[in-house]
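Engineer: Below: one structure in structure tokens.
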Amino acid sequence: MAVTALVLLVLSSSLSHTEAVLFGEPRIFGDDATGYGPIFEEEPLDIVYTKESPDRLISMNCRARANPAPTYRWRRDNWEIKLMELPNEHYSLVGGNLIINNPEEKKHAGTYVCVAKNVYGTVISKEAKVKFGYLEEFPDEERDPVTVKEGQGAVLLCAPPKRWPTEVTFRWIYNEFPVFLHPDKRRFVSQSTGNLYISKVEASDAGNYSCYVFNPQIGKGVYSKFIPLISTEEKKRYKADLVVKFPDTTAMLNYNVTLECFALGNPAPHIVWRKIGATDLPASAQVSMSGALLHLYNVQYEDSAGYECEAINQKWQDWHQAWLYVEAAPEWAVTINNTQKDVGSEHTMSCVANGKPGPYIRWLKDGYSYGKGELKFSSLTFEDSGMYQCIAENYWGIIYASAELRVIACAPTFELNPVKKYLLGANNGRVVIECKPRAAPRPRFTWTKGKEVLFNNSRISIMFDGSLEILNATRNDEGVYTCLAENDRGKANSTGTLTITEATQITVAPEDTQVMVGEEVHLQCQASFDPSLDITFIWSLDFRVIDFYLEWKHYERIMDREDSGELKIMNVQLRHEGRYTCTAQTVVKGLPAPPGGVRVEEIRDTSVKLVWNRGADHGNPILGYTIQTRDVYALTEVDWRDASTCNDADVVDLYPWMEYEFRVYATNEFGDGGGRHPSMKIKTWDAGRDPAWGTIIIGCCKEMCPVQPQYFYGKKFGYVVAFKPHDDVDWWYETISDPETRRYVHRDSSFRVKSNDFQVREFQVKVKTFNSKGDGPYSLSTTIYYPRDVPSESPTDVYSRPVSSHEALVWWIPVMDTGTGLQQYIDGYQVKYWRKYDDTEPGANRIFVPASMNQTRLENMLPDSHYLIEVRAYNGAGVGPPSEHCEMFTKRAPPSVAPQMWRYISYSGKWLYVWWHHISYDWFGNESFPLYYKVMFRKTGYITGPIYMTGWHFIDFPMPQVGDYELEVRGRYEGGDGPIRKIRLQGKASFLRPTLSLAAMLLLALCIVGLGI
């Protein structure tokens, strides 16, 4: 018995050591991995919540695109909200959206961020603030009367109550509600203080005045006690006296600002505005309210200056000066992009933002602080993979840029850059054969000539980059050369044939020549070369290669003899003066050489013009050229696409205001020659907006599909939302300068429901975009509905079915017309579900479903639980009556322990046998019934692989010969998938068998018995 125990201990120790080596490998992804990290499609927005809200909940939206699908978490004031671990009567998670039920200011006010995560990394959304809006009542004390003589000025103080948000509108009631005072040349209401100013009091001004304060964010208004204004009869003239003076003001770039100035006096003063140091006001300036207000629209940096208002009447003149400063929120000048790099390589990440004051740059990696300024990696490791976010912030705002850095390890491949099939070398010259496979980490290189392995010596050496160098080459060096590249991921090889020829030599060189403008000149160039090769002559002027295709009016290459490449220059001009060089190049007939000197000559908004130098045709005429382009959003270095062209060298159908680079390759009868060196990166010009894009309208809140950055077409991008009641003629306009906005909420304080109104009021809505070049076209008008009341009917026949221990499906019959003849508008349905005996209804989970659907999936349920489900219709006015409760039991949970598993590799090493414990089922236990087993066999570092389903508790596979693999086994139960049991394997080439043969086990046992004796 002791012997057996000792033998098992030895085997277990051996296996544990093997697993420690295998499991220590970091998470990596191969070249063909199709997943990607989270990218936010919808981020939470600032919310002002009022206690009068009929829903008694706050919904903060968050949605990210990722593969595999992301999981979501939320943080409040940098503390994570425990949504899964600790049940909470206030917080619930629906998809990625955070629902706060029955919000309380002390518990729920703060700054929230959404965290999206998958295996590739983690990103954090923009910060969204939840604040509780309020507007207190005016004090109940009576207001003292104001007595003033006719002709004098009067000021009625508003003294507004405390409120949030602080942005409110002020109006004054005259004698009775709702008779509002209309400001004119004599009367002015300051929107800064709320005070009412009357420049000169007339007898008709006597009466009772009340200050009305309205907060549009929370839709609430309050008014003060009436202030009696008593005028006495005495008509006298008074000098102009400025009592409302705008202070030094700081405005945000591209926003609007209003400056106030008002004076008392008799006669009523006339107000004049000036910009200090300029003859005229800015072109965007507009004066209103009889001169009391100066509006500056879409302010720019050049609007920053001193401004002066002057009040003038017949008795006196008064003036005031103050400064307007213009600053700007951060805006990206250089941002980051998804990048894929080899393990061990260098990499730099940087982003640049414009703004005033200058933005502060900091970084996040997978949701945690990671430094500031510029990130530099001297040698990338797998731990450097993840989602990076560059954050630029100043006083006016904060912007985020997200990108994935993927550090990969892959087996060598010559698919993109094989060894040249045909190579030439000059007799007694130096020959370099390049070997540059795609591989990570850097491979080991081995060269062979035929079957002979080459080693470094005085004449032959393998260079650091894998290229083979041969000095003093002779015809004995001719042959087939193979480069073998190998790393811990695999190996690959590529082969080329080397031919040694007689050296090419210039026999007749061009001579210095003087010529008159307009004349013609011939420059001679002849060379001797190996007759088995093709020769081409390349001419350059001051090191710039002459393109005979584009410069045919002045240059011609005369090839009347095979060994001659005479240059003919016609109609010589001063610009043709310089140093001419003739180069004779010999090549094996075949594919054309890549064109050189690719550059952009003309840049337009949607097109560019390219120029390049023709490469050698290698003995076969070039049939045409193909232009390829790659924009700034390309993920990998090989993500090129064929460009649309016009007139051969004009690339069209490009995006305005987009960064591009281009490359060109030639084609002859042998095929495509390939393109090597791309052009420098350029950015197309900006242009006015003219795309087609979608708008989704829901209720009285408008949700828009935001335009992707490649469609901005220029800087200073934003939206203009236009809307009006269906029966009105005039449109209302709102400008939204945030390019990522997808939602705009309008509160119509002037809309008062009448008894004969229909239940729904229609609005027409349309949206257009703009940038620095101008406005784009409006979208098609869409009808939205402003409901008068909540839905009056409840959904019927609610039915549900459990899918697993954590999910269920629910259906219902949708709400129909009430039959009253009034239009009943439904935005969608609210589905609530909670445990019947363990949860309270206020803390129930909620899901919101569009009106076009009558079913949904319930998630995050607890196993083996009794649930109640309720469905209500809702619209912008609130939720309707509840349906009858539907009762349902979720399935039992899968076992918490994975099946025990063993493996055996055949003696030949060709087969892998795996078996595991058959799961027994306890009919009276808490675990669900087993259905079958899932087995996945995949390469290490890959997310997916083939999945096999079997009812047996064993399976066998052919043993992999090269590479590392993982085998996973899990049970499938009524309640869902069970936990995974995993083993890792190495291919036969590098595998140390963890098993002992039967003879070795017996020998070990005998030795132990002998020791025991």
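For all residues, glycine too, the Cβ spot is worked out from N, Cα and C.
Where the annotation comes from TrEMBL, it is an automatic prediction and has not been curated.
Take a look at what TrEMBL says about it:
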| type | residues | note |
| --- | --- | --- |
| SIGNAL | 1-20 | signal peptide |
| DOMAIN | 38-131 | domain 'Ig-like' |
| DOMAIN | 139-228 | domain 'Ig-like' |
| DOMAIN | 240-313 | domain 'Ig-like' |
| DOMAIN | 330-406 | domain 'Ig-like' |
| DOMAIN | 412-499 | domain 'Ig-like' |
| DOMAIN | 504-585 | domain 'Ig-like' |
| DOMAIN | 594-687 | domain 'Fibronectin type-III' |
| DOMAIN | 794-896 | domain 'Fibronectin type-III' |
| TRANSMEM | 991-1011 | transmembrane segment |
Engineer: What counts of helix, strand and coil residues does DSSP assign across the domain 'Fibronectin type-III' (594-687)?
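Structural biologist: Split by secondary structure, the domain 'Fibronectin type-III' (594-687) comes out as 0 helix, 44 strand, 50 coil.
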Engineer: For the domain 'Fibronectin type-III' (594-687) against the domain 'Fibronectin type-III' (794-896), do we get 3 or more Cβ-Cβ pairs below 8 Å once near-sequence pairs (under 6 apart) are dropped?
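Structural biologist: They are not in contact.
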Engineer: Count the Cβ pairs between the domain 'Ig-like' (38-131) and the domain 'Ig-like' (412-499) that lie under 8 angstroms and are 6 or more residues apart in sequence, then report whether there are at least 3.
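Structural biologist: No, since the domain 'Ig-like' (38-131) and the domain 'Ig-like' (412-499) share fewer than 3 Cβ pairs closer than 8 Å, they do not count as touching.
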Engineer: Averaged over the whole of the domain 'Fibronectin type-III' (594-687), what is the pLDDT?
Structural biologist: 82
Engineer: Using DSSP, tally how many residues of the domain 'Ig-like' (139-228) sit in helix, strand and coil.
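Structural biologist: The composition, in the requested order, is 3 helix, 37 strand, 50 coil.
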Engineer: What counts of helix, strand and coil residues does DSSP assign across the domain 'Fibronectin type-III' (794-896)?
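Structural biologist: Going by DSSP assignments, the domain 'Fibronectin type-III' (794-896) contains 3 helix, 48 strand, 52 coil.
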Engineer: Would you mind splitting the domain 'Ig-like' (38-131) into helix, strand and coil residue counts from DSSP?
Structural biologist: 4 helix, 51 strand, 39 coil
